[in-house]
Amino acid sequence: MGSGHKAEKASLASSHTHSFSHQHHPSPPASKEVWKKGGRMFSILLAVHLALLACTLVSSGAFDKIAVHDYDVFFLLTVMMLIVIVWIIFYLASTSRGPDAILCKDSHAGPVWLRGGLILFAIFSLVMDVFKIGYYSSFYSCLSAIKIIYPIVQAIFVTVQTYFLWISAKDCVHAHLNVTRCGLMLTLTTNLAVWMSAVTDESVHKAHSKLKKNVTEEIFKWLMKAGMRSGSTEECNCNSQICQIFKNGYFWLYPFNIEYSLFASAMVYVMWKNVGRFIDHHSHHIHRLKFRLFRRTFFVGIVLGLITLVSGLGVLIVYEVRVNSSHEPSKKNEALTMYYVFNIVCLGLMSLVCIGGSVIYRFDKRDMDRHKNPTRTLDVALLMGAALGQYAISYYSIVAIVASTPRDAISALNLTYALLMIAQHTFQNIFIIEGLHRQPPKEDHKRDVRQKDPYGLTFVNVNAVSLRVPDSGSTVTPSTLPSIEAVHPSELVQSLTCPKKMNWRRKFLREISMFLLLSNVILWIMPAFGARPQFDNDKELNFYGDSMWPAIVDICLPFGIFYRMHAVASLLEVYITS
């Protein structure tokens, strides 16, 4: 009789507890949009047509035989940027201020380190625009006016867009849905068009400076006409010292503008995915940023990463001096040997570290995060997609080295470098993607004692646990209890015995993430600022010809450079959440 009465009370309390928990976690409201996919489809079609038009003009403007000039490209990009500026002002002044316009925010979108990187690249992009304005102003009398207007509009565009992404990257908009989607897709397309134009200009400039004797005649003529009207090359030569400073300065700053466009495109795409989206806050965990650089670490990853970074900068300086300033084949071979040896050691260490990190993940007890997350989905897609560029260059190099003769020490180093590049990208992608899908550790053992012990729970030892019940004799109902989670005895034992084991795993993962982060920084700096052995090693150039091989490198290398920078951002997130 007594046992039945207790069971009835327990079931009644359980039902009350379930109803109580449902009251605190309401389901997200249903969307009022009739056909969400229709609005997305229309904005995608708009973006595809604009991207194809921009790609056609940019690629056509690179050749002298086609009656498309660089100022035609500048005119299109200027018009697109002006339209985006107008839409951003409309969004900030009208759309985002409307009633019920932003019902929720995506905590995963636009993390602070991504927005901080965007601001850093934006600053360098603005400096580049200043150098461009100074360069074109040096001979404005024989220039088309659009060439001076373009960098001015681009500077305004970078400023407005950076402010827009800083304050609105997390928005889930529910007003002017189709207009917002089209505006975001136009912004995305504009950034990609600016990126294509910058990559084309920067790649042709690098090819001209390194392969004056091997580049095609069409590219050489286009370079001689860069920044000048057709037929006025002699009148508009950049002969003054200040003009040369401006010209070299903005070419050196091109990598930052290229990365800015890609970072902005990624953030805009996440905003586009979040238009009309409702977030279930019960399942959408919000993780606070706890960037503890010098806590809970052995400093091994930081020290090794800094050694790699400083060594890589030294190799880059020596490489640039010997390859660009010296015409002796022996010094060129010494520079290539030094470059390949450094990269082989660096890539080998990175591959081993990534394998070790993946092994540690096998013993990690953290749950996998399976909730919908557009930011993480985009990160994974960009990592896998951008790696294809370096994969392509590596496989082309492998085929050229294996199929050609004679084989010397440089060829052996180049082959090892290409194979390790493929392995390192693969292992690093596995490590990063698995880290992005892990939930941050729950530090329950650091909570306040009152939160742990609402009923006077006293821990005597692992095997003896006593529970004090209130002496008032009143009926305990869910409404009178604090909001806590039930603790099973096995979970209690695990919470007392596991923190030390979890601690060493987290420390090793943080060391690995920091070493990989700093190593990716130097592997981004080296090709972005001139160290490109693909142009200096004659093996691939002789095998594929002076037209095909530069085209392959110019198309694929920007993706490889972007991969490194995106890997840095992803590794920083893995480091913080480990």
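From the backbone N, Cα and C atoms, a Cβ is placed for every residue, glycine too.
If you check TrEMBL, you get these features:
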TRANSMEM  41-61  transmembrane segment
TRANSMEM  73-92  transmembrane segment
TRANSMEM  112-136  transmembrane segment
TRANSMEM  148-167  transmembrane segment
TRANSMEM  251-272  transmembrane segment
TRANSMEM  293-319  transmembrane segment
TRANSMEM  339-361  transmembrane segment
TRANSMEM  381-403  transmembrane segment
TRANSMEM  512-531  transmembrane segment
TRANSMEM  551-576  transmembrane segment
Segment proximity, the transmembrane segment (148-167) to the transmembrane segment (251-272), 3 or more C-beta pairs under 8 Å: yes
Per Cβ pairs under 8 Å, the stretch of 41-61, 112-136, 381-403, 512-531, 551-576 packing most closely against the transmembrane segment (148-167): 112-136
Contact ranking winner - 41-61, 73-92, 381-403, 512-531 against the transmembrane segment (551-576), Cβ under 8 Å: 381-403
